[in-house]
Amino acid sequence: MMASPAAALAGRLLRDLALRPRFLAPGSQAVQCTSRRWLNLQEYQSKKLMSDNGVRVQRFFVASTANEALEAAKRLNAKEIVLKAQILAGGRGKGVFNSGLKGGVHLTKDPKVVGQLAKQMIGYNLATKQTPKEGVKVNKVMIAEALDISRETYLAILMDRAYNGPVLVGSPQGGVDIEEVAASNPELIFKEPIDIFEGIKDSQAQRMAENLGFLGPLKNQAADQIKKLYNLFLKIDATQVEVNPFGETPEGQVVCFDAKINFDDNAEFRQKEIFAMDDKSENEPIENEAARYDLKYIGLDGNIACFVNGAGLAMATCDIIFLNGGKPANFLDLGGGVKESQVYQAFKLLTSDPKVEAILVNIFGGIVNCAIIANGITKACRELELKVPLVVRLEGTNVQEAQNILNNSGLPITSAVDLEDAAKKAVASVGKK
Ligand code: GDP
Ligand code: MN
């Protein structure tokens with residue numbers, strides 16, 4: 001049986017899947033699609049949160065020009081310096097810049113070299129295993145005090161549906177090739193589910209520290225860091241905190257050498273400071289634009305634009321378009337409380353995609369008032385001089401008034417009685433071209 005198209009879409013809509021460390025479910029379609037609509041912080045921002053909460057990270061500065069990087073390297077006054085390109089994707093160590101420079105992470109003892117390397121990083125694209133082929137533009141670099149690493153382990157804390165709550169995930173073999181460890185030696189991946197009401201127990205932190213291979217006094221230190229990371233995870237409403245490498249130094253310190261934190265966007269109202277740190281510059285422009293109007297946009301590769309409310313309805317719409325022989329070009333999810341201006345913006349975004357040959361509106365008016373949608377649609381059609389066929393299926397609150405608005409508009413809008421009808425009409429309108 002063919003995999004349901006909705007299942008594929010679900011992977012992009014449900015962030016808990018998209019944000020799971022990739023290696024946990026190799027080959028799963030959902031996990032390969034990283035959604036970039038959600039708040040993502042750069043390493044330096046995550047490390048600031050960590051150090052503010054008692055987690056051990058290296059001293060560092062951030063720079064946006066090569067000169068700033070050079071100055072920062074001097075100011076750091078460290079025996080050795082590590083220079084790191086700041087992009088949201090991992091695998092930087094083994095990445096390549098379109099300036100020709102190899103490696104997004106460099107160690108040197110000479111501040112001057114930091115300046116030279118930064119010049120080949122800032123403003124260039126860094127391509128890694130986790131970025132698109134052309135890479136991602138580097139706007140900032142981190143200049144940190146390098147420490148010797150005697151052992152690299154892997155530690156993550158994530159919200160996991162399979163455990164209905166947080167789980168610690170760790171491996172004594174961390175570092176850059178954790179995906180391969182997961183594939184070839186799954187027995188080296190340890191999990192420790194945590195009861196969110198009871199919190200992390202000492203015994204659990206100790207067990208993980210031991211599984212990670214921390215010995216002697218390092219075991220207590222690692223357990224202490226794990227507990228602090230867990231408490232941070234809760235405090236900031238994270239869905240994932242990933243530290244790779246979670247390393248030890250020859251001097252006997254446990255240090256978080258790298259950091260990747262993802263957040264629960266539903267917690268934005270109580271995490272205002274953190275959400276204000278989002279620079280959004282790495283998101284796709286159309287997604288940014290959508291976020292600005294509180295709309296969620298997901299690009300797909302067909303030709304029927306879908307304007308829906310709610311992730312469930314989006315998936316159903318996707319399925320029924322496929323079942324009727326069509327392919328969705330994208331989705332715009334309107335969410336709950338809708339304003340007329342949002343509908344206008346939504347249409348503007350949907351039609352800015354040159355792939356779009358028809359628009360299917362499928363709105364269920366529960367919280368949404370259908371008349372508001374209808375007014376928004378007619379206004380958008382007029383002002384944007386819509387050139388593609390538009391099929392509208394509205395149902396629910398105030399639907400009669402909405403129908404009247406659409407019918408009396410004099411615009412070439414095709415009404416549909418239900419989802420099936422809407423999909424058929426949308427697919428037919430594309431086929432006719
Ligand atoms: P990633 O490749 O994007 O995951 O970037 P990381 O921050 O994890 O750095 C990649 C690798 O560089 C790490 O796995 C370490 O082996 C190495 N590295 C990073 N920081 C330091 C450091 O301070 N000292 C040493 N010796 N190696 C480091
Ligand atoms: Mn790393």
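Glycine residues also receive a Cβ, built from the backbone N, Cα and C atoms like all the rest.
All annotation found in TrEMBL is predicted automatically rather than curated by experts.
Feature annotation from TrEMBL assigns GTP binding site to Q58, G91, R92, G93, L147. Under the DSSP three-state reduction, G93 (GTP binding site) is assigned to helix.
The annotation Mg(2+) binding site is assigned in TrEMBL to N244, D258. According to its DSSP assignment, D258 (Mg(2+) binding site) is coil. Applying an 8 A CB threshold to same-chain residues 6+ apart, the list for D258 (Mg(2+) binding site) reads E43, G90, V243, N244, P245.
Mapped onto three states, the DSSP output places I367 (substrate binding site) in coil. What TrEMBL records for N309, G366, I367, V368 is substrate binding site.
According to TrEMBL, the domain 'ATP-grasp fold succinyl-CoA synthetase-type' annotation covers 40-246. Confidence over the domain 'ATP-grasp fold succinyl-CoA synthetase-type' (40-246), given as mean pLDDT on the 0 to 100 scale, stands at 95.
Taken from TrEMBL, the feature domain 'ATP-citrate synthase/succinyl-CoA ligase C-terminal' applies to 308-427.
Annotation comment: TrEMBL describes E80 (among others) as site 'Important for substrate specificity'. E80 (site 'Important for substrate specificity') counts 14 other C-beta atoms within 10 Å of its own C-beta, drawing on all protein chains shown.
What TrEMBL lists as site 'Important for substrate specificity' is D148 (among others). Close to D148 (site 'Important for substrate specificity') in the fold, though at least 6 residues off in sequence, lie T249, P250, E251, each with a CB less than 8 Å from its CB.
Distance noted between the C-alpha atoms of V368 (substrate binding site) and G91 (GTP binding site) is 43 Å. The GTP-binding residues named in the record, Q58, G91, R92, G93, L147, extend over a maximum Cα to Cα distance of 19 Å. Shown in sequence order, V82, A144, E145, A146, L147, V255, F257 are the residues of the chain, 6+ apart in sequence, with a C-beta less than 8 angstroms from the C-beta of Q58 (GTP binding site). When the binding-site residues R92, G93, N309, G366, I367 are compared by Cα distance to E80 (site 'Important for substrate specificity'), the shortest distance belongs to G93. Using CA atoms as reference points, the binding-site residues N309, G366, I367 were checked against G93 (GTP binding site), and the closest is N309.
Rounded to the nearest whole angstrom, the C-alpha distance between G366 (substrate binding site) and G91 (GTP binding site) is 44. Among the recorded positions E80, R92, L147, N309, G366, I367, the residues whose Cβ lies under 6 Å from any atom of ligand 1 are, in sequence order, R92, L147.
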